[in-house]
Structure formats: C-alpha cells, structure tokens
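Input: a single structure, listed below in structure tokens.
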Amino acid sequence: MYPSRSKISLDVKFPWLIILVGILFTLSLQKYTQGGVFFSGDGGLKALLSQQLAAGNWHFDLRLSAPGWVVELWKQGLYPFTPPYVYERFDNYFITFPFPFPALTSIFYSVLGYWGLYVVPLLALWLIWLRFFQIGQQLKWRADVVAIALSILIFASPLTLYGAMYWEHTLAVSLAFWGITILLGPKGATTSNIQVFLSGSLIGLSIWFRSEFICLAAIVVGLTLWQWVSPKMLSWLPILQGKGRLFISGLLLSMLVFFGLNQTIYGHFLGIHALQVVEESSIRQQLSQAMANYQQLLNALIKYFPFTLWVLTIAVLTRFSKPRYFRYQIITIWLILLLFTLVVPLIIPPGAGGKQWGARFYLILVPLLTLIGGTYLNQVLTCLRGWRYYLTISSLTIVFLAGAYLNVYNGTVANYGDRATASVSLSRNYGPIAPAITAITEHSSPYIAMSHQFVAQQLWVATPEKTFFLTESTSDVRQLADGLYEQGYSQFLYICYPHRPCPTPEEPAENLVILSKKMSLQLKFSSLGTFGKYPVYDVMISKL
C-alpha cells in the first residue's frame, strides 16, 4: 500500500514548519537585546568598533571620538578600557577580539542601525538549520527523523540562544559545519574539485571569527596528511577522496590571508588575542588550568545538551558504526569530535569563557552530535520493533523535553543563573542592564566615571553621547574632577560596577578634597539610586 500524496506532502512540509517556528522563536528573542543591551561586555567593545567602521572610519584600532583634553586625561591613566580586553600597541588601542566580525556586522549596522548588529548571528544560525535539513535529505532520512532532529537542534540545544547575542559563535559554527559536511558526503556522492576547495576554505574562514577553530583545522589537516602517509591504515577515512591537496590548499589559503592581515594590522600573525593567550600565559599555566576547563565544558555540554548522552548511549550499543550508508563518515566525525574535545580546553582562557550559555567553546559539537544522532535514529526506527522501538522513542522524548526546558524556558524567560557553568539566561542578563541605560540616557551629564571597565563595555554603545573614564581608585576620581573643573564642568556621574569593590562614594569628605595649584576643590557624592544592578551617584565639584 503506497502512502497518499497528502501524507507525502505533510512529511515534506513538517521539517520546514519546524524551521519556520525556530525562525520566529529567534526573532522573538531579540527583545532581550533591545535598547542596546549586550549579553556580554565583549559585544559592547566589538559594537564600538563596528559603529566606527560603519561611520566610514576604516581603522581597526579603536578610535573613540572625544575632544583633545579628554584624550589627554585618557593618556594620563583614565582610558576606559584596559587589558585583557583592550591593548595599547603602536600608540593605538586595539580590542582583543578579531576584527572580521565587527567589520562584517558594520555593513548591516550602517543600513539598519543597532538591529543590524544581529543580522549575521541570526542568518548564520538559520543557515546551520538549512544545511542540516539538506543533509537529512541527502542521507534519505525518514521525514519524521528529519523533523525530530531539527527539533532537537533548534529547541533542545544551547546553540539557538546565540542568535540573540552579538557574538560570532553562530557564524563560526555555520562556516565549520558547512565545511565539514561538504567534505564528508554520503556514500556514492561525488564531490567536485570546487566543493573540496570550498570545504577547506570554509573551515579556514571559521578561524577568522573564533580562534578555537584552529584546533578543528589542525585536526582535519592532520587526518588528511596521515592518510597520505599511511593510506592503508586509514583507507576507511572518507576525507580525501583523492582530492586532499585541493582541500588543504583552500584551508591554508584562507588561514594565511587571515594571518597576513593580522600581521599587517596588529604586528602579530595571531592578532591581539595572541597577547592574552600566547604571550601572557605560559604552557605550564595553560596545562594547569586545562583540567578545570575540561570539567566545566563537559559539564555544560551534557547539562545543556542532554541529547549528547542519548547519542553516546546509542553509539555504544551499536559499537559506533551501525549506520550503513554513512558508516565511515560517522566514524570520522566521532574522531574529529573526540580530538576537538580534548584539544580546545588546552588553549582557551581560564574559566572556560566567562558568562555564556552552555559550553560556547564546544558549540560546533552540537550540530555534529545531532547529525550523528539523527543518523542512528533513522537506522534504529527503521529496524527496531516492539519494546525496543518504544524504549528508544520514550528515552528520546525525555531527553528532548529536558533539553527544551533548559534552553527554551530557563534560557529565555526564567531568571536563571548557573555558577558551575557560568550560564546566565537572556532574561537574567537583560533585567539588570536595561534600567541603567534608560537612566543614564535621560541624565544630562555628558561625563561618566566608573569603578570598572565592564560598565563602559556594557553601556557605552547605547549612550554614544556620553564619555567614560576608568577611575578605579579615589585618586583617579580626584584627577578626573580636577580635569573637568579646568574645562568648566562642576558635575559628573559616577557608576559602580556591583561585582567589584567600589569604595570611593563612601570615602570621608577629607579624602575627597583636591589640592590643585590654583585652588582647593571638594567632591560631594549624592546617590541617585540603583538602576538595574548599577549604583549611580551624582558628583558635584565645588570650591572650598
């Protein structure tokens, strides 16, 4: 008995319906970015550079617009940003993050304004889903398997929430995922020379945006070279297909162009990030912190993507090689996953990346594990009968519901925070920041002192008419007040960062006296209240 035409139509449309719902879901998440709120202060620095580039100032060092006397105060030690986020090099200030992401998003910022910053993260995320759907079609998965796998990828994984963050993760993952899946085509598929070269180029391009993807490039190149050296030992690897030179050429060309641009712009082929990881951290330090990174990343991966455990269980039960038409490709992906999981924690900073959602350095594992899981699921549902079939479906349902609850509910609307993995929900991040932006925007004072650079990283993009100064000590505050008074200003705002000491507003009056050459000045702090998470003070400068 053949399925009806309406049944076939429904099977084809259902995965597209899931993708459409996913798109609408990610668009709804943009409410947690409105008003200039960034999930991470890193995004604020990148956005400042993107704004600068969008305005036509095509320099890759950070050139904050300010009058000469402000620049002089910055040079005297009050510059708003310091290492490891901004480095002074060749008398210029460079953010530690690679330039391509701010440069790319500046194109959309120049057209759409603030919302243009999120075009690239969203489009990259949607392209991952579309590629995943395309692979399911190529592998001739059942329509229900395609729908289930897409549902897991979109609603039960941490990857989707990164579409609502001004971060380059979804773009790097999209490039790498497309590159790997072009390379590892299904059995019988022919891969053209252009496709092989493109595959290497895409993996190389992912390094432009996320430095940890250099590990992925090294792994794939290493496997390719190993197959050249020992073709019999690794004859099962589908990486080469007789075109390894083209693949490596595309990858190396992409990497070398990036390294050349870094050398030209920053004076170091690895970019400013090299100062943080390579020059300021010894091999011994990196190895000593690697174990803590392993623990946090693996904990976050399993907790926020519980489908990982389901895939591992099915893989063990089937000895990692059950799928017939994609067997060697699956084994290769498992090998890449294992090596990537082992290598990445060795090169990342302590704390496995600070505030995030899930394991952001392992995000490429999410679509790859879902691809493996979908392949196993298609085989299992086709072959199993009776209680084994229902056990598989029941366990998968539990895993999906757990992942969806963690990511869709806890990750968005819940006031959720997880210290063990440094994971914070979009709602919990947005709530303490938005009121501060509103309050500062409405206040007439153009100059703001702050106790920590994280304040400016988060708030400056949304308040471009303000000027920030980093005043970590009371003497810094006195220095700023003296400079402001010389320019005719008798008032400024002072903002405390709540997660670091901020003693200056509580100093006794005698410690807030400025003894300049011409006169003596007194500072008076008056609390305006706490807006979101930021205590804000009005500071008056008066003659004694």
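Keep in mind that glycine also has a Cβ here, set from the backbone N, Cα and C atoms.
Taken from TrEMBL, the feature transmembrane segment applies to 12-29 (among others).
Per TrEMBL, the feature transmembrane segment maps to 107-133 (among others). Panel annotation: around the transmembrane segment (107-133), residues 15-16, 19, 22-23, 26-27, 30, 33, 36, 47, 50-51, 54-55, 101, 146, 149-150, 153-154, 159-160, 162-171, 173-175, 177-178, 181, 367, 370-371, 461 of the same chain, lying at least six beyond its termini, place a Cβ under 8 Å from a Cβ of the stretch.
Below 8 angstroms of C-beta separation, residues 14-15, 18-19, 21-22, 25-26, 29-30, 32-33, 38-40, 42-43, 46-47, 105, 117-118, 121-122, 125, 128-129, 132-133, 136-137, 173, 300, 304-307, 357-360, 363, 366-367, 370-371, 373-374, 377-378, 381, 396, 399-400, 402-404, 407-408, 411-412, 426 of the same chain, each at least six residues beyond the ends of the transmembrane segment (145-167), sit close to that stretch. Marked as transmembrane segment by TrEMBL: 145-167 (among others).
Same-chain residues lying 6 or more positions outside the transmembrane segment (207-226) and placing a CB less than 8 Å from one of its CB atoms are 98, 100-101, 168-169, 171-172, 175-176, 180, 183, 233-234, 237, 239-240, 244, 247-248, 251-252, 254-255, 258, 270-271, 273, 277, 332, 335-336, 339-340, 343-344, 347-348, 361, 364. The transmembrane segment annotation in TrEMBL covers 207-226 (among others).
Annotated transmembrane segment per TrEMBL: 246-266 (among others), in sequence order.
Feature annotation from TrEMBL assigns transmembrane segment to 301-318 (among others).
The annotation transmembrane segment is assigned in TrEMBL to 330-348 (among others).
Taken from TrEMBL, the feature transmembrane segment covers 360-377 (among others).
Long-range contacts of the transmembrane segment (389-409) within the same chain: residues 25, 148, 151-152, 155-158, 160-161, 303-307, 309-310, 313-314, 357-358, 377, 380-381, each at least 6 residues beyond the stretch ends and with a Cβ under 8 Å from a Cβ of the stretch. Per TrEMBL, transmembrane segment is recorded for 389-409 (among others).
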Which of 12-29, 246-266, 301-318 contacts the transmembrane segment (360-377) most, counting Cβ pairs under 8 Å: 301-318
Chain residues in Cβ proximity to the transmembrane segment (12-29) (below 8 Å; excluding those fewer than six residues from its ends, i.e. six or more beyond): 122, 125-126, 129-130, 133, 136, 143-144, 146-147, 150-151, 154-155, 160-161, 163-164, 408, 412, 426
